[in-house]
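S.K.: Here's a structure for you.
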Amino acid sequence: MGSLGSSRTRAVAVAAVGALTLVVGCSGGDDSVTGGGKKDGKTVITMGLYGVMGIKETGLLEKYEKENPDVDIKAEIAGDEQTYYTALQTRLAAGNGLKDIQGIEIGRAKEITETQADKFADFAGMAGTDHFLPWKESQITTEDGKVLGLGTDIGPMAVCYRKDYFEQAGLPTDREEVGKLWEGDWKKYVEVGRTFKKGFKGGKVAFTDSASGLFNAMVYGYPEQYYDEKGGLIYDKNPAVKEAWGLASDAAEEGLTAKLRQFQPGWDPGLANSTFATAVCPAWMLSHISEKAGGANKGKWDVARAPKGANWGGSFLGVIEKSPVKEEAKKLVAWLTAPEQQAHIFKEIGNIPSSEKALENPDVKNATSEYFDNAPIGQIFGAAAQEIPDKQVLGRKDGTIKDTFSQGLALVEQGTPRDEAWKTTAERIEKAVG
Amino acid sequence: MATSTTKALTGEEPPGPPGTPGGGKTASRRSALLHRLDVKGAPFAFVAPFFIVFAAFSFYPLVYTSWISLHDVELATLDVMEWVAFDNYVELWGDSQFWNALQNTVTIGVLSTVPQLLMALGLAHLLNYRMRASLFFRVASLVPYATSVAAAALVFTMIFERDFGMINWALGAVGVDPVDWEADKWPAQVAISTIVIWRWTGYNALLYLAAMQAIPADRYEAASLDGASRWKQFTHVTVPGIRSTIVFTIVLSTIGATQLFGEPLIFGQGPNGVTGGADNQYQTLGLLLYEEGWKNYQMGRSATVAWVMFLLLVLAFAAQRLIRRLRSRTS
């Protein structure tokens, strides 16, 4: 009996210990917070990226690994930036699951510099990093001068248009002439849309893909959008926002838009089946259009200058302060954002360099796009980059407010009166920032 | 099982087994203590793993969520919490978006649950007949259940697509104007319900089938002797025979409906899905929780929605108990 009893006691103890290890096992993680580190004489650097930043896609990582055989780079790419940023915030808060190098989108730059500055390594004064456009690095610099990342690309804008549709609508097709149609004023762009709608008889084709694309293009042409320099919300007072809202609503109400949502699944069949004639396109959008519109539409698309210069999007690469391979990661970031590599990404997929030096590179300047009927995209976007306002005020919730406005314009496209849609949008923004 | 019976047996024996009269007194007391601990403590130790895991992963988050819901907290700065007492709850009560989400949750719940269970009943009835390849049909009806939400929702989103979707194409072929399945409220809710129905009908049908096969065959014989038609047999023998299973599936579907999240999120595509369409036309409570937490990054308000959802379920449960008690008293 006694021996049986004690063996049972042991079983109880084992069960209890088992339960305890189950719980404890969850709190214990690996030693490195970023997954990077030095193993077997190799330096492992992890990267968290999103969308098509061109870093992995154009083979730059393999090139770096070849030049530095002791470095092993592991890049993880999320498709959608919003999903990526949500995860990044959770991980920053938890201090766990981060990568050594993290991508930062321009819409999040302000929030990062205001709330997470101590979690990122400082690039200030690093040798060989003074080749960027003057406004680019200031966006990721904190008030006390800490530089949290280096710039990858910028988003100067142009208008992509379908030459065949323009011809059918009796509009000029040459990119110079098309650019002249709306030179200097987005109102003229919408005016061309009206002419297009009257003149086009070839079926159900809208002038532009979405009202929100037009809205973004207009708003980003001004130094201030939703916030003033002191960080106060001005979206409801800023005449630039009001003007953009009005014109985008005009286009929506008059049926000039295809009512699509950019970068969402419904947009892609629109491109593939050619249901719209123009799209306001930042440089980084070209690769998406050529991929989704496909070979059948090659040469039908062309690129003309936008009415006004504006910057939409662009990213940075930052390094996590706690990374065990911080210096190596910083070195990699500096290399990836160096003029030669930025020029390489541009040549491969068309992301416009944020490096002033790369923009002057003759390979970039004289680049043409075969898909877009050999449009001189180097020239068009290079010139557009010059027009971007030198000062751009960012705000903490820029990204969220932009998305909310896109939804508000979708409401107008679906038939809600614009005043009501504005009211709904304002309520949602107050909620989102509050 | 075997150990517990032996334990019960030994427990009934008087302490100090008769075979050890000469043993030391302290030793016997110690073994008696161990023995008592064994009998009384062992069951607790054996169920402890579940409760420890439950406490760590369910109870603690529940309590912590309620704590967060009394604060203003942003995701980016989780360590900065501002005490606001019940402000979040008061705000939610006055928020039309919350009532809209609650209403959508109920309407989508009804739209998806009622046809789903009726169709499952019919399907189970058909599967219950003797037929060729019955195993194939039974397995086939379970396949949608085994499909991931994401895959199913994505495919249905393409089928319901406005410009190039299969359904609008079919409608066009018979001369009906295309429907904007996403932008209009009721079409959107019907489309989302379709995804839910597709995924869960087969699963419920198999539950019904299992219950149907437990109904004794002589009841059907008796019914047919009385001249009951097939339909009469179905309504008077089959349905009463599986009543408890029907109640079980209703409870399961109701819980599923209140938690509806993945289908509308994917159906709306990206940021638009988080808000349940541009006009919140199909935003459920689950999506509202997600929007507050992962789009607006307001963890306090998100936690509030989570707790309100929990309280609503408790309320529904209490109401159901009350009704049952009242009904049993009257009958």
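Every residue gets a Cβ built from N, Cα and C, even glycine.
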S.K.: Would you please say which range out of B:106-127, B:172-193 has the annotation transmembrane segment in TrEMBL?
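M.R.: Going through B:106-127, B:172-193 one by one, TrEMBL flags B:106-127 as transmembrane segment.
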S.K.: By a Cβ-Cβ criterion of under 8 Å, what residues six or more beyond either terminus of the transmembrane segment (B:139-160) are in contact with it?
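M.R.: Non-local partners: 123, 127, 166-168, 181-182, 191, 194-195, 198-203, 205-206, 262-263, 265-267, 269.
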S.K.: Below 8 angstroms Cβ to Cβ, which residues of this chain, lying six or more residues outside the transmembrane segment (B:44-63), approach it?
M.R.: 310
